[in-house]
Each structure stands twice: as C-alpha cells, then as structure tokens.
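> What follows is a structure written as structure tokens; I'll ask about it next.
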Number of protein chains: 2
Amino acid sequence: MALIVQKYGGTSVGNPERIRNVARRIASFQAQGHQVVVVVSAMSGETNRLIALAKEVQANPDPRELDMVMSTGEQVTIGLLAMALKGAGCEARSYTGGQVKVLTDSTFTKARILSIDEAKMRHDLDAGNVIVVAGFQGVDADGNITTLGRGGSDTSAVALAAALKADECQIYTDVDGVYTTDPRVVPEARKLETITFEEMLEMASLGSKVLQIRSVEFAGKYKVKLRVLSSFEDEGEGTLITVEEERNMEQPIISGIAFNRDEAKLTMLGVPDKPGVAYQILGAIAEANIDVDMIIQNVGHDGTTDVSFTVNRGDFAKATAILEGVKATLGAREITGDNKICKVSAVGVGMRSHPGVASQMFKALADEGINIKMISTSEIKISVVLDEKYLELAVRVLHRTFGLDQQV
Amino acid sequence: MALIVQKYGGTSVGNPERIRNVARRIASFQAQGHQVVVVVSAMSGETNRLIALAKEVQANPDPRELDMVMSTGEQVTIGLLAMALKGAGCEARSYTGGQVKVLTDSTFTKARILSIDEAKMRHDLDAGNVIVVAGFQGVDADGNITTLGRGGSDTSAVALAAALKADECQIYTDVDGVYTTDPRVVPEARKLETITFEEMLEMASLGSKVLQIRSVEFAGKYKVKLRVLSSFEDEGEGTLITVEEERNMEQPIISGIAFNRDEAKLTMLGVPDKPGVAYQILGAIAEANIDVDMIIQNVGHDGTTDVSFTVNRGDFAKATAILEGVKATLGAREITGDNKICKVSAVGVGMRSHPGVASQMFKALADEGINIKMISTSEIKISVVLDEKYLELAVRVLHRTFGLDQQV
C-alpha cells in the first residue's frame, strides 16, 4: 500500500464529465489498496473569469480581496470532485487550503507555503477516505486566504506530498510526460522515462508546459518523487522526475533539447568596465518588471566592456527605451539589439562527466551553416542564441546529434 | 455614532456596477460616522448556477460537498464588494462565515447558527474598517463549511446584529418596505412604517417576498431592530419591524391583508372520532414532504368527525392519493377536495384588544356575496378559504373595510 498525492489541472477537471472521469480513475486507484490525496485546480477558464470580474469591479483590485475571490475557483472543484467520488462509491472529503492549514506568508496573490498540518488528512486517510484538497491556496497566520500565484496547484501538490511523506506525487496533465524536445518540431522526439530535477529546471521551456518550475524546486529540496502523467490516457508511466543518483548509469549524456521562440537580445557596447555597471543596467530593466533570460558579459578591453541580455520579444521596445536612458548615465558607446532571435539549449546532467559536449554541439550547427550569435553555459546546459529562422533546423540537428531519437 | 448591520441581497449586488453602487452607499453611510458591518448574498443567479453544476456532476450531491460548492457564491461577492469599498476610499475587510466563526450545527444545506465570535469584527471596526461578511454560511465545530438554506443571508445579518449588539439591522432589497397588501392587487396599498414581529410572521405571504421568515423569528427572539429598505432608492425609511410595545398607541387594528394563491384543500369525511386520527392523516402527508398550511377539525357527531387541511396546489394530486391509502386504514367515509381555492387573511396585533374584527370581516365578504369555505383564526390573524375567483375582490374589500388605504 502506497500513499500517493495526485494533482489534476484545470483541463482535466474542465467540465462535469471530465470530473466524473477523474473520479473513476481515483476510485480504481484506491481500489488497488492505495491511499490517495488529490489536489485540484480551478476548472479551466474559471480563474480568468474571476480575475476579469474583479477587474470589472475595480481596475486594480486589492490583493487580499483578489485572493478571496480567486480561491473560490478551486473550492468549487474540490466540492464537485468529492461529490463525484462519493457517486463512484468512494468515501471522500474535500478541504480548502485553510482547512488543512496550508500556512503561507502574507504575500497575497503569490504567497509561499511555510508549513502544512497533516494530522487531519492522516486521520481521514486511515479511515478510508480519499482527501481532495484545493490547490493554489493557503491561509496566513491571521487566517486570511492567500493564493500561490499561477500554476501554484503543482506546488500545493508537492508540498502536501512532502508533508505527508507520500511515496509519489503524480501530476496529471494534458501531456503524457516530458519529451526530449517538442514533438511538433521533431516528430522523432521521445518521451523520457526519467529526468533529474536539475534537468527539469534547465529545460524550463519544455518543462514549464508540463510542470510549474517552482514545484520542481520544491520537490528537489524535499526529495519528493514527482511523476508527470496524462489524465486522458489510462496507460503509460509518464516521466519520473528524480535525483541523479537514482538514474540508470547508461543514461544518455544529453536528455533534451529545449528552445525559446520570441526572444530578443540587447547589447550595450563600450560600457566603462567598473564595478556596479551590470547592476545599473539590469536593475533598471528589473524595475520595469521585464524578465531577463540570458545575461552575458565578456572580458573587457581598453577599459570598456559589452553587456548583452535577452528578453521576451514583447519587452524589446520597452527595454531598448530603458537602455537609452541608462546609456548617458553610464557613458556607454552604443546600444544594439535584435528582436529576431531564438534560443536553443542542450540539457543533460551527463555533460558534467563528458567533456566535449559543447564542441560537438557547435560543430553540428556549423555543419549546417548556422551562425551562433551568443553562447551561455551552465553545469548541465549549453545555450546558443541564433537567428530565429534557424530554430527548427537547429533543434532537429541537435536532437539527432545527441542520439535522442534512438530508443535507449 | 451607531453600529449598523446592512444586508444586501443577490439583486442588489447582481453585477459589477451594482456592487460599486452599494459600495458608494456604504461609504457615504460610514462617512456620517457610523460603524458598518455588511452581509451579502451571492450575485443573483450564482447559487442556482452552482447547484446546477453540482447536479450535472452528481444527480444527488452529497450535502457537505454541496455546501463546499455553494458557499463560494457569497465568498466571491464579499471579495468584490471589499475591493469596491477600497476603491471608494473606504477601508474594508471581507470575511467568510468561517473566518468570523459563525458556528452552526452540522446540518449541511440547512444549518442553524449557534454562536458568532464578534471579537475580530469589533477590533476591525474600531480600527475604522467596514466589515464585509459572507451571508448564508458558517462552519460547524469540526471546521466544515455549512450553509443556512435559501434566504439564509437575512438570518446571517440578524445573527451578526445580535452578536454585535448592533443598533439596527437593515435589510436592503428590491422593494422599499412591507405593504398593507400586494400593490398589484390593490393599487391603494400603503407602505407600513412599522410592523410587529408577530405580524410579519403571520403575514408570511406578503412578508416572505421581503424577508426570510426565519430571520424575523431570530430578530424577535434577540430583540434586534430590523428594517427593510430598498437598495435602489436613496430616500425612504423603509419599514421597521419592531416589538409591539414600541408602537404608536393609535395603530390601526389591522396591519395588512395577506393572501395565498395556488392553494388546494382536502377533507376526510366521517373519520372515527378517536385519539391519534389527526396524526395518522397528517403524518402520512408530512412523510411525503408535503407542506400543510391550515388544519381544521370541527366537533364531531355520531362518533365521527371531518378533518380538512390545505396544501400547495402542486401537491394536491399527491396528497389525494395518500389520503386514499389512509382512508381504508382509518375506516373513514369519504375524501373530498377542491384545488381551486385561495386563502385571504387579515393580520393585526390590534385585534387582541378589539373584539368584533372577525364578524366585521365576515360581513364585508357576505355583502359582496363571497361564500366562505373554511375559517381559521390565531391571536392576531383571521384566515378564510374562498373560491379562487374571489381572491382580488376579497383582498380589495377587506383592505378598504379595515381602512388600510387611508393614511394614518
């Protein structure tokens, strides 16, 4: 008998029929002798509906009150799913985040979980109940309802699994696992049986469609066994996200090829090479709430250096305007930019022990005549910035180069 | 400075614009120096939408889970109203029933309030906040969310007013007070400045369109000053529901003419006149969940008696079938029925000290050639059952007879 936490996203519980299907799946799982705690999101579209309603009332709604409103989305789902479970002959009890004391800080609309009181759930589980908990929400120390930010239900599930010391945390979604790359770009893309937490984090562009990154960090920290599965298929083991030591020794060097479309890069040329310069440039960008992806600064010469970074293409114009403002203050020479770029990354913990992965990657791209505009590397990832027209070609070439289209 | 509890129903908060209007009304009230606790219902249509959703998932939803789902309707409104209040420059905090510890029993979907912890509200009020509380809901001793049944928001408001020892509990609705009778039947009907709790209870047919009867009982018991007002008009004092002693000595004898359409009567003739007979007849009816209104049993003769009662017309066929089953057991002679009747009642605490009201009523009806089929009286009400075709005529005649169309 195992204790399993299962999380179903908004699409999986998007209408009454799907809710009944999820209930049947859970009931058959429990019938196999497992204890099940289920975490659910709001029905798809519901959170957006509630936010729109709030903005109609007040253009800039108070965060505490917005959480009061938004948290009802998940509360509806837990009640409906518990009803459906009882209809499927399964004893069940629904709980809001507050009722199982998912204690968070008081940062409304993006609160962090501090602790969970598992005693009540443990008692109900031992009495044979399925527990259905509202994801995305908690309460602060004063009893105010908080929410965890978009995608927070994944984090709720992992936090519950950690608190209950569950054997596994299963994230059911509309894909059946994590792939070596996007199958729409490379039809030969394969589903990975396992991937490490670090790789999941580095594969944000692939992984974020499947799992909220914050929940992966959380799972890594608390050693929660995390599995991604499809809620629309009855077969399949999905992808297990695990720690490196538990992986097969014969793992390939590279686990996947991730990519980002819609990127733009900006470079400030001839910046005086002195302390605080990077902060002055990127601080101004951060203050404007623009997310920066890669940041590159190479060695300087003649007392100046060049600082480059990439942003989402939608922020290109705004970021350029900000740099123009900073340029004079810094005494920089010039600003250049390119909003027709993409980023392609090879990710794999295997590269730690296999030198030469980078040069293998650069050669493969050179062989296809693809020019590399920027390079950035981490322990387990090599990223290149390319002209956007090369995206599909580069992904396919790298996928083949690292043998990802071959069955392990 | 007064402490006022105001309750706004679903129509009054039916869309974002109305919510902002209600917020402005509350803000101007607070600006006059009053402390305000606001109780709100779900936006109109929302509770029905949630119930329909639940029934789509499970035809006969579990009551605990139904309460989990239904209670979100009011939770959305409190968040929206609190946002709007802050937008109107008014410090405000919303609370669910659970957050201010509206403790109820565990009868899901029709729970009864046991107690309210007013400490948190008192603290927030003293700090200058408007408190916005979700009506219709509470929590039981185990922390489960409960609801109070249809119209329970009125009861929530009265209970909060009692717990806070508020100076007045104002129920804002889409009518501007309690009338001497339905103005659609008698255009001369007048709004009452005051009415006693007992009269409100006896005028259920008029009053229930305005106030949930249970909240009136509650207000009477805890001596809460209750006022009905329109949320769509800025002027007007509405109708104050009060105890008899506080009323003007010159009150008219009769306060209003109430009526029920869509009634049906059933009579079991020649029932053996022995103990337990009424129970055998009406117990069977109650078991079938049929609401019985009037019950009449006159003195018997020749060892038998006749038992009559009225039900909602929709239950006539079902009730007749049940009586047929009981007839043989009891050895009764015959069952008769009439599903084309109505009930008209004159209500007024003044009749306690004014004999002759009944005969005045019967004479007025006789003068118009209206035949009375049944009569039933209480301390402050005289009800007659008539052929349904006489309803409007009888109401108009009695309204005039008791001088209700004249300004006091």
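Note that Cβ sites are derived from N, Cα and C of the backbone, with glycine treated the same way.
Okay, so TrEMBL annotates it like this:
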{"type": "BINDING", "residues": "A:LYS7, A:TYR8, A:GLY9, A:GLY10, A:THR173, A:ASP174, A:TYR179, A:ARG184, A:LYS209, A:VAL210", "note": "ATP binding site"}
{"type": "BINDING", "residues": "A:THR47, A:GLU74", "note": "substrate binding site"}
{"type": "DOMAIN", "residues": "A:266-340", "note": "domain 'ACT'"}
{"type": "DOMAIN", "residues": "A:346-408", "note": "domain 'ACT'"}
> Using all protein chains in view, find how many other C-beta atoms are within 10 Å of the C-beta of A:THR47 (substrate binding site).
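Counting Cβ neighbours of A:THR47 (substrate binding site) within 10 Å gives 21.
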> Relative to the Cβ position of A:LYS7 (ATP binding site), how many further Cβ atoms are located within 10 Å?
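A 10 Å sphere around the Cβ of A:LYS7 (ATP binding site) contains 31 other Cβ atoms.
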> What are the DSSP helix, strand and coil residue counts for the domain 'ACT' (A:266-340)?
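Helix, strand, coil within the domain 'ACT' (A:266-340): 29 helix, 30 strand, 16 coil.
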> I want to check the contact list for A:GLY9 (ATP binding site): same chain, sequence separation of six or more, C-beta distance under 8 angstroms. What comes out?
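A:SER41, A:SER44, A:SER153, A:ILE171, A:TYR172, A:THR173, A:ASP174, A:SER231 - these are the non-local Cβ neighbours of A:GLY9 (ATP binding site), listed in sequence order.
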> Could you state the whole-number distance in Å separating the C-alpha atoms of A:LYS7 (ATP binding site) and A:GLU74 (substrate binding site)?
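A:LYS7 (ATP binding site) and A:GLU74 (substrate binding site) have their Cα atoms 12 Å apart.
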> Reported as an integer number of Å, what is the Cα distance between A:GLU74 (substrate binding site) and A:TYR179 (ATP binding site)?
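So the Cα of A:TYR179 (ATP binding site) lies 29 Å away from that of A:GLU74 (substrate binding site).
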> In the structure shown, with every protein chain counted, which of the binding-site residues A:GLU74, A:THR173, A:TYR179 has the densest set of Cβ atoms within 10 angstroms of its Cβ?
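Buried the deepest by this measure is A:GLU74.
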> Any idea what the Cα distance is from A:THR47 (substrate binding site) over to A:TYR179 (ATP binding site), rounded to a whole Å?
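The separation of the Cα atoms works out to 28 Å.
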> For A:GLU74 (substrate binding site), name the DSSP secondary structure in the helix/strand/coil scheme.
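It is helical.
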